[in-house]
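Each remark here refers to the structure printed beneath this line.
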Amino acid sequence: MTQKYLLSIYQPDGEVPPPEVLDPIMANLAALNEEMQAKGAWVFAVGLHPPSTATVLRAKDDDVLMTDGPFTEGKEHIGGFTVIQAADLDEALEWGRKLATVLAPLSIEVRPIAY
Amino acid sequence: MIEQIFRAEYGRAVSVLTRVLGDLDLAEEAVQDAFATAAEQWPVKGVPPAPAGWIITTARNRAIDRLRRETKGREKHAQAALLQHEPEEEVGDVPDDRLRLIFTCCHPSLALQAQVALTLKLLGGLTTAEIARAFLVPEPTMAQRIVRAKGKIRAARIPYRVPRDADLPERLKAVLAVIYLIFNEGYLDKAELTGEAIRLGRVLAQLMPDEPEVWGLLALMLLVASRQEARVVDGSLVLLEDQDRSRWDAELIAEGQDIVRRCLRWNRPGPYQIQAAINAVHSDPPTDWHQVLALYDQLLAIMPSPVVALHRAVALAEVEGPAAALQEVDALDLDRYHLFHAVRADLLKRLGEDPSAALKAALERAEHPAERDLISRRLGLATADQQDRADDRDQPDHDPQPGGHAT
């Protein structure tokens, strides 16, 4: 029986690094995704467009209000996420550690998925 | 009798039942049920020959009954069925169970405060109210802290096992830190916490007899605890050199020193063993300060922290004099720490300077009443001292008493 975990990638707002910095990181990330797939841990992974591209919706009475996003303004935003399955938290943290190493100095939040 | 068995066996019973039931809350409920049954039956029928085994077997049977009764959920039904087919010998005392429980309670993904609370609750058998009182936290806050931590263990699937060898050194450090934190919380006035920390230290030493640092922590706690009676007198802290040695606990000292000797033969030093060795030297007065300084040099090399450097400076003052020590202390970035100012005050006084400002700074930062009392008394003496000097200047004819001004 396995448990699914969401690994959220938190990155600072602002400019993304230039290709000469970003490209090797993305190559390492692709390699990690392959390793996850090979070990049967990988479920789903995405990278997101910047928060400025987001739109927020909220139903109120009979109407749905639409506003320019993101939902919360902060210094960091979720730049992407990976869903994995693991036997327990230690195993999930092991993948989280690898992801954090590849994406250093970004923070990775590991959170169990309820359903 | 039941109270004694409860304190001694609660953690063991919960750890076994957690393995069998796969859930901390179910395990705790079952063990509490079993103790409630014991409280009814033992006074009438007498205490069974193996009380611990009786508690575990009764707890398991109670858990099965409970799961059978609560047949609402299909999952629970399945769990009850599973329990029925559990082989009998599984309910014995598997020595690893308490170790598993310790490592689960002290998992680094839990907040340190939660690790401490869970360890005291699940392994120590303390009630939420007792833990809340010990840490000066309202009971609902502590209850919420424990519920949340258990919820995280369940939802995030914090594993119930001893970590693999590769992770063991780091994970063991976390366990030792939790036990030492419990000990230090009780250091001045809460003997039940120091006692509980020592009990946990003994359990851990029994379960991991090949880990020198586990023994080092136990020896450190025994030696520091040996001076507990002499350390706080009438609500005030008494410094080591002023303590009434007849109030030291010779048995604890002997046990602690014996462990320190064994650790030395092991020759795999670590921070707890070195701190234990320092306390072993202190337990053998008059203190050999050269040896203490050498041990602090060793400690500073593996644990470079300003607090260690501060303690080392105290030993340096004894070996090389207060001027050398003050130079070291002044270079430390510890303004927020009351002991930093208290040590400075002592060194200044020994250099013939006015320690009042440093003592005031220490008093502003000290929190515990026993520490504040000691600092206040020293401040009182320092003020009187300065007053005497002023008086001396005012009345040049006054012949000062031999032996100085401090009364």
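Glycine is no exception: its Cβ is also placed from the backbone N, Cα and C atoms.
For B:386-400, the entry in TrEMBL reads compositional bias 'Basic and acidic residues'.
The annotation domain 'RNA polymerase sigma-70 region 2' is assigned in TrEMBL to B:6-71. Taking H, G and I as helix, E and B as strand and the rest as coil, DSSP gives the domain 'RNA polymerase sigma-70 region 2' (B:6-71) the counts 57 helix, 0 strand, 9 coil.
Residues annotated as domain 'RNA polymerase sigma factor 70 region 4 type 2' in TrEMBL: B:102-152.
Across the domain 'DUF6596' (B:171-263), DSSP assigns 72 helix, 4 strand, 17 coil. Taken from TrEMBL, the feature domain 'DUF6596' applies to B:171-263.
Residues or ranges marked as region 'Disordered' by TrEMBL: B:377-407.
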Could you give me three numbers for the domain 'RNA polymerase sigma factor 70 region 4 type 2' (B:102-152), the DSSP helix, strand and coil residue counts?
37 helix, 0 strand, 14 coil
